[in-house]
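Per TrEMBL, the features are:
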REGION    116-244  region 'Disordered'
COMPBIAS  132-150  compositional bias 'Low complexity'
COMPBIAS  160-172  compositional bias 'Gly residues'
COMPBIAS  182-195  compositional bias 'Low complexity'
COMPBIAS  196-206  compositional bias 'Gly residues'
Amino acid sequence: LIGGAGDDSLLGGAGNDVIEAGSGNDVIDGGAGADTLVFADGTDHDVVNGFTVGEDVISLPDLDVSSWTLLQPYLGENANGDAVINLPMGGTVTLTGVALADLNADAFDGVENIATEGDDTLGGGDGDDTIDAGSGNDTLSGGDGNDTLGGDAGDDTIDGGAGDDSLGGGEGSDTLEGGDGNDTIDGGSGDDTVSGGDGQDTLGGGEGRDTVLGGAGDDVLHFENDHTGSAADSTNNVGSPGVAGTGEVANLNGAGLSDDVFDGGEGIDTLLGTSGKDAIILDNDHSFGSTGTPGIVDVEVINTGAGDDVVDLTSSKFGYGDVTVDGGTGNDTLWTNQGNDTIYADDGNDAVNAGAGNDTV
C-alpha cells in the first residue's frame, strides 16, 4: 500500500502489510499482523496509530543507520509522551501510544543492537535478545525473554529483566542484575556486583573483589580463587561470639582464597567450591569481609568439592549457624560456628569441629 502526494489515511488489513507513506502528512494504521511501515526522509509529519513493538517494523531507507546506538539522536517524544522519529530534513513520524522507552532495535528494519567504543545504552524487547557491548561504560537491558547480554571493557550496568538470562560482565567493575527467572551470571574481571534477583540462579563474581547476591530462590554461588595462600598464611579456630574456640591452626599454603562477599539471600542457597584446594573463610584478613562484614551471609549449604579444603566459619564477631557443609573428597578441615549444623566429611582424613549447637557429623 503506497500513499500518494497528498495527506493520506492508509489502513492495513489483517495480514502482514507493507505500507509506504509517500509525500504529505499521512495517518497510518497497519491493523493486525506484522506490518512494515516505510518512511522516506523529508519535511512531512506522519502519524502512526496501532504500532506494536516486537511485531511491527519501521523502515527508514534514507537513514544510513545500522546500530541502535547511532539511531538514538533521531528519537524523541512529544508533550503527550508519544515516541517521535525526527528525520534529517525536518520531518517527523509520531507513534501514538508508544513510549520512547518502549522502543528498541527490533522495532526498526536493519537496525541491530551493536555497541560502539563509547558509552552505549542498548535495550532488548520482549523476545530472546543477544546484545554484546563494546568498550566503554555501557548500559544493557534485556527486557522480557531469555536474553544473552555481554559486557566488554568498561564499567557496565547490565539488567537481564524477566526470563532465564545469561549475563557476562567482561572487564571492568560491573553491576549485573538478573531479575526474575533462573539466570546465569558471571561478573568477569574487575570488582563487580552480581545480583540474581528472583529465581534459581547460578552466580559467579569472576576475578576481583566482588559482591555476589543470590536474592530470592535457591541459588548456586560459585567460589572464585582470587589469589593463592602461601606457607605463611593460616587461619585459627576462634569459636563463635561468646564461645572460645579450640585454637587449632589450619595452614593455607596452596589454597585458593577469595576476596568476594557471598550473600545467598532468601531460599536454600549453596556456595560451591572448585575442584582444587579452597579456603572458604567467614572472617579473616584474606576475605573482603575483613573490612567489618562477614564474607558469607545467608548461605545454607557449602559444598567444597574435591581437594584438601579448609572451611572456617569460626569468628569472635559473627555468628553463623544451621549450615550444611559437605567436604567432598580430600583431606579437609571443616569448622563451623554456632547453630545446629550438619557436616559430611566424606572421603579422606578430615579434621572436623562443629562448634556450639546440636550438630550432626
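Each residue, glycine too, has its Cβ placed from N, Cα and C.
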Notebook entry, point to check: Which residue counts does DSSP yield for the compositional bias 'Gly residues' (160-172) in the helix, strand and coil classes, in that order?
Noted result: 0 helix, 3 strand, 10 coil
Next item on the list: Using a Cβ cut-off of under 8 Å, list the residues of the same chain at least 6 residues beyond the compositional bias 'Low complexity' (182-195) that approach it.
Entry: 151, 155, 160, 164-176, 201-213, 215, 217
Notebook entry, point to check: What residues in the same chain, six or more past the boundaries of the compositional bias 'Gly residues' (160-172), come closer than 8 Å to it by Cβ-Cβ distance?
Noted result: 124, 128, 133, 137, 141-154, 178-190, 192, 194, 197, 199, 206
Item checked: Per-state residue totals over the compositional bias 'Low complexity' (182-195) - DSSP helix, strand, coil -> 0 helix, 6 strand, 8 coil
